[in-house]
């Protein structure tokens, strides 16, 4: 009898230990206050292409996560030549990653583009950072949050309450570095086995070498062919290029994005002229309602 009771006691004890252990502590969050600045150190710099680099910044501890909801972005701020420079970025690392955050940034160097002889102030500042030097992060920021399973909370402006939009199909129009919020969302959707939302991306660039995060995008497209459709268009395509060429057109949208519907949301991120003339004007022409569009 005593042996039986002891066995039961041990079983109960093991169950309690397991139950307590399974309720793992939530990882501490770095971005606790969207109005505060958090100086984070550069811990790694990796060259991705001739003008693009990945910058890895350390979080306060190896257990910390950044704390950035899907759909949101951060602001980096720094004094450059005596002036405050602030720029928005979307990390390419998942928010579940502990200890660091990764940004992929296209560096706009001086005297390369005659229209912008000074180049990009923030991107060149990032490129000049030495390992261990810090830059200020602020966030989360943004008007859109993805809640999962096709549910988006979208605010018309910063002071407005969010409106819920449920989409079975998400069209995406991205140009250049505007790909980062799209990849963030694509990864979140395809990594959740309970999320059946389908994504359709048209990604516009000048040349094939300018395609950011191509490997990551094509990896997802290959592993989730029914859930993620990928199409590129280039201003200056190479010979034998099998995707699109030129600006995003109404015909291109018609062919590669889902048609207008109540359960369709179209997201846009890229240079302002592209958003206005290649995206918004063509979406209007094709009958996509304004309530079913969002520009980052």
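The backbone N, Cα and C atoms fix where each Cβ goes, glycine too.
Looking at the stretches 2-24, 25-47, the one that Swiss-Prot records under the feature transmembrane segment is 2-24. Summed and averaged per residue, pLDDT over the domain 'FAD-binding FR-type' (35-147) gives 95. A sphere of 10 angstroms centred on the C-beta of residue 171 (FAD binding site) encloses 26 other C-beta atoms. Residue counts for the domain 'FAD-binding FR-type' (35-147) by DSSP state, with H, G and I taken as helix and E and B as strand, are 8 helix, 52 strand, 53 coil. Within 10 Å of its Cβ, the residue among the binding-site residues 127, 192 with the fewest other Cβ atoms is 192.
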